[in-house]
Amino acid sequence: MHSDRDSETTFDEDSQPNDEVMPYSDDETEDELESPLPAVEPEQNRINREAEESREPVKKDCSWQVKANDRNFHEQPQFKKTTFLCFKKSKYAGNAIKTYKYNAITFLPLNLLEQFKRVANFYFLVLLILQTIPQITTLSWYTTLVPLLLVLGITAIKDLVDDIARHRMDNEINNRTCDVIRDGRFKTAKWKDIQVGDVIRLEKNAFVPADILLLSSSEPNSLCYVETAELDGETNLKFKMSLEVTDRYLQEENAMAEFDGFIECEEPNNRLDKFTGTLFWRSRTYPLDADKILLRGCKIRNTDFCHGVVIFAGGDTKIMKNSGKTRFKRTKIDSLMNYMVYTIFVVLILLSAGLAIGHTYWEQQIGNTSWYLYDGEDYSPPYRGFLNFWGYIIVLNTMVPISLYVSVEVIRLGQSYFINWDLQMYYPEKDTPAKARTTTLNEQLGQIHYIFSDKTGTLTQNIMAFKKCCINGQTYGKYIRTQEQPNWQVDFSWNMYADGKLAFCDHYLIEQIRCGKETEVRQFFFLLAICHTVMVDASDGQLNYQAASPDEGALVTAARNFGFAFLSRTQNTITISEMGIERTYDVLAILDFNSDRKRMSVIVREPDGNIKLYCKGADTVIYERLHPMNPQRQITQEALDIFANETLRTLCLCYKDISHGEYEAWNKKFMEASVAASNRDEALDNVYEEIEKNLILLGATAIEDKLQDGVPETISKLAKADIKIWVLTGDKKETAENIGFSCELLTDETTICYGEDISALLQTRLENQNNKAESNINSSQRTNEPFFQSGRNRALIITGSWLNEILLEKKKKKKKLLKLKFPKTAEEKEKQIQSKRRADANKEQQQRNFVDLACECSAVICCRVTPKQKAMVVELVKKYKKAITLAIGDGANDVNMIKTAHIGVGISGQEGMQAVMSSDYSFGQFRYLQRLLLVHGRWSYIRMCKFLRYFFYKNFAFTLVHFWYSFFNGYSAQTAYEDWFITLYNVLYSSLPVLLVGLLDQDVSDKLSLRFPGLYISGQQDLLFNYKKFFVSLIHGIITSLIIFFIPYGAYLQTMGQDGEAPSDYQSFAVTAASSLIVAVNFQMGLDTSYWTFVNAFSIFGSIALYFGIMFDLHSAGIHVLFPSSFQFTGTAPNALRQPYLWLTILLSVAICLLPVVALRFLSMTIWPSESDKVSRKIWLFELQGTGRALGGQLGWGVLSRGQSGDKKRGGVGS
């Protein structure tokens, strides 16, 4: 478990993300451990600190108080809080939960309120209100109401369905039952009636109703097994262990009823892995930690029953504190789309203002002098112009697309399902399909610039195998392929506890263990068997180990195979079989592993009474704590370097003899720190530090973690797509570098730069920039100069400690530690402020320089980095490069990085599901990343861009016809179309084809997308949708609207129909313009379609047919009789469209709209082809040549076979 990965093996504080604060560095890093601060603080610092403490009382970390079996205690006045005005209620939440948002009364008002918070919806509500004012509107109210109701209705139905499901879930959970102490007996109660302080009993397979302190269980040694799938997605069992004293005395019902323990602990928070508290009972204090807490949502397994006291209930539980606090991620296209909608708003206002001014002028010149235009209102021309401004806001409102956001969500939802259904991203070994856990980021997958990847479990399999070790300076184990040399494999049949799965290739080590001459060899494996947190399940005579990480499981299993089998453990003992002899040791203390300590220790009392400390951890921290007289120090370091070069994961093992007096003195401090009311973790770390020194080095382990299948090929393809990959790992530099070569991130042609090599380069650049800044010279030219000469492939390899030092993170912490607190004059304060500003400016500039330098490299490997540093690196690239980032990992230590990046990808690996639960996308293997990005990401980006370009185009083409018409109607806000056509245009007549293109279109197939990764670059460079493309759509829409208006206008100017009647009335013109528009925009969508299916063709021709069908119905006499005021175009369509002249006009309008587009497309594909055009042409030529060769061959069997394949290819092209 405790390898030199920073914390890749534990779900600790550093791996728990904080959504509010992004940490930038850890409290302690490798180089700080190498040069620790003096143990004795300066005298003046001590005086200042004591004075400060005397002024300000120390705030207790544990302010949450719980009294068992005493509900009245929690109703005391000091525990009340004001909720509204003078109303107060207890700060202790009830256990009923409420995740729903609405009830039967509040649904309609609250849902509408939420929806009208969106600018577009509120805008159309204002328009609807304006349309009820007769003096303003020339457009019927239903033209806005119908689309608005459709959008609001779809969203409301979706919200209602979701909320009904939440209601059902809440009721089901709140009405679950469990046994609670009432009146001295266990009685069945509903979950919603449980309160803080209640003592409850849970049985096997029951869910835990609240966060409870485990008091006792039916299992020996006070163990309780739980499944945490609802918390972190993990299905493997975890164990909890109560205090020995409560397990001994609290087994019977009457003892439970009399239990009156008092608990002081931390306030409710969202940290699943941490808990600090103290139990006061029977005049003694007992420390409490997370191992003694059962969290709500866990399920009791393999335990008949257990008892506990409720600490946090309902909304105060940790699972509820974690709900809903995730970062909201938006895509680049989302932001761009919003800005474009704002641009359309501005254009709309400017057009309306211009037309209102035109109407004012027209009224002054013509309207006032034309008696037949008098409407009975004596308004002045400026006032009429003001009214017409609002009239045109209404008429031109369709420039702002009301259905845009709903359509975008539908497309994203469909693309997410395509990812979920992709069988080529399904991992059969673990039955793990790909999963899009969000529906809002799909197109951003096609724009990734940087990938930040964890190493262990992400690039590698995270299935550990013990391969080598160094004991007392002697290296054991041959690093060979056992499949090729089966005779080299050691036979463990002599060991009754061997599992038969370990493949080790050194018979000499077995001889050393069995003969027992080298005591260090046996002590080495004894340490592996005793220094761990593994639990064992002995069933059917087999030992099944439950390890928190693959590292720890591999080491304990190795010790088992070499004759030192871990058999069982209790609260205070551990039993081991040493070469067939069982011995039980008293465990006096376990010094936990975390990412700052990077080590774990256990203090045990041997049967003969001697006390020893056994420790294992990363070499960097172990070597700092070794006794000066360690003879094997150098030779072990050489072995560590060899192991790292072979990409093996290393760990150092050491021990120490402790006298009884030394232990007693240390244990007193340990017990005090265990129940400290504040800064308990810090106090414990300081106590651990006192005992973990002057250690004797035993040796080192080396375990293998193989690369996953397809990793080199995936990295190669992503590199060809101009995606830069950074590997962030806690491993040693040598290990990470060799993995880099294995996965082809580094090659023989790569020039490797190390952190130490570029420190001077960065420092010189910073000094030059500061000098130029002080001289008031613009330093931008210098800043933009590259750090390296172009033309060489470079990679950067750095460590976490170097990163903290070069980015000036560590200095800030040391200054804080040594800060003197004297009263300061105003001059000193100003000087301090200026100094801080300079330091901040230097820090920001140094960070920018580092990012610029690193981004000039084709690959970056960061070793020995903590979870916080991983997130920091991602944040720096986001901040200074404005590039789209993706982070991928498999463990809890990757959660912070995954949440920081624009897109987070989780791999369902060996380290649980925390990364998957926090991710936006998940799958089973790293190799699926290429398909996610190069296929689904690129297709999603192309589809969304094409959808948006066409959507804006069709709305401009539709709306601006009103603008041209206004020049011929006195700028009177008269519409150019029938009201019902305006109502249904975006809803029925032009919506389906563009939706299907947004869902199904593809320029090249998935195989070609993977074969030609260079196609991906267009998304990185935002080539398919930007402001330029937006204005091209705007101009295209303007030209189309000009044609749609002026061709029918010119055709109708002096026209006579076949029956001698002039068809040039307003209603016939409106029908002709509308028909031309529908045919033109739907055929335009056909030109934009790259991937034709029956569904696409049906949607285009079906939309046109639907338009004509509905139009004839709406223009019928029957509907006019029923609703005479709403349907005024009676008989227009049948009368107008029976004239061939009108059909010719429609045909001419459509032809003039589309033929120039066809010509331009042909020229662009011929002269300026895109990458996808080039690929399509290559494939087409290849298939054409293959067909020609097949048909032009000579007679014979070969000819027939080639002819058949040619026919198949030809059939494929034509199909």
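Backbone N, Cα and C define each Cβ position, glycine as well.
Just so you know, TrEMBL annotations are computer predictions that nobody has curated.
Annotated features, as they stand in TrEMBL:
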{"type": "REGION", "residues": "1-60", "note": "region 'Disordered'"}
{"type": "COMPBIAS", "residues": "43-60", "note": "compositional bias 'Basic and acidic residues'"}
{"type": "DOMAIN", "residues": "69-145", "note": "domain 'P-type ATPase N-terminal'"}
{"type": "TRANSMEM", "residues": "119-136", "note": "transmembrane segment"}
{"type": "TRANSMEM", "residues": "142-161", "note": "transmembrane segment"}
{"type": "TRANSMEM", "residues": "339-362", "note": "transmembrane segment"}
{"type": "TRANSMEM", "residues": "389-408", "note": "transmembrane segment"}
{"type": "BINDING", "residues": "D454, T456, D890, D894", "note": "Mg(2+) binding site"}
{"type": "ACT_SITE", "residues": "D454", "note": "active site, 4-aspartylphosphate intermediate"}
{"type": "DOMAIN", "residues": "916-1170", "note": "domain 'P-type ATPase C-terminal'"}
{"type": "TRANSMEM", "residues": "947-968", "note": "transmembrane segment"}
{"type": "TRANSMEM", "residues": "980-1000", "note": "transmembrane segment"}
{"type": "TRANSMEM", "residues": "1030-1049", "note": "transmembrane segment"}
{"type": "TRANSMEM", "residues": "1069-1087", "note": "transmembrane segment"}
{"type": "TRANSMEM", "residues": "1094-1121", "note": "transmembrane segment"}
{"type": "TRANSMEM", "residues": "1141-1163", "note": "transmembrane segment"}
Given pairs 6 or more apart, does the transmembrane segment (1141-1163) have at least three Cβ pairs under 8 Å with the transmembrane segment (1069-1087)?
yes
Sequence-remote partners of the transmembrane segment (1094-1121) [C-beta within less than 8 Å, at least six residues beyond its ends]
978, 980-981, 984, 988-993, 996-997, 1000, 1071, 1074-1075, 1078-1079, 1082-1083, 1085-1086, 1127-1134
DSSP helix, strand and coil counts for the domain 'P-type ATPase N-terminal' (69-145)?
32 helix, 9 strand, 36 coil
Tertiary contacts of the transmembrane segment (339-362), defined by C-beta under 8 angstroms and 6+ residue spacing from its ends, are 119-120, 123, 381-382, 384-386, 388-390, 392-393, 396-397, 399-401, 404, 952, 963, 966, 970-973, 1027, 1030
Model confidence over the domain 'P-type ATPase C-terminal' (916-1170) (mean pLDDT, whole number)
88
Checking distant contacts: for the transmembrane segment (119-136), what same-chain residues at least six beyond its ends satisfy Cβ-Cβ under 8 A?
143-145, 147-148, 151-152, 341, 345, 387, 390-391, 393-394, 397, 400, 402, 404-405
Within 10 Å of the Cβ of D894 (Mg(2+) binding site), how many other Cβ atoms can be counted across all chains shown?
34
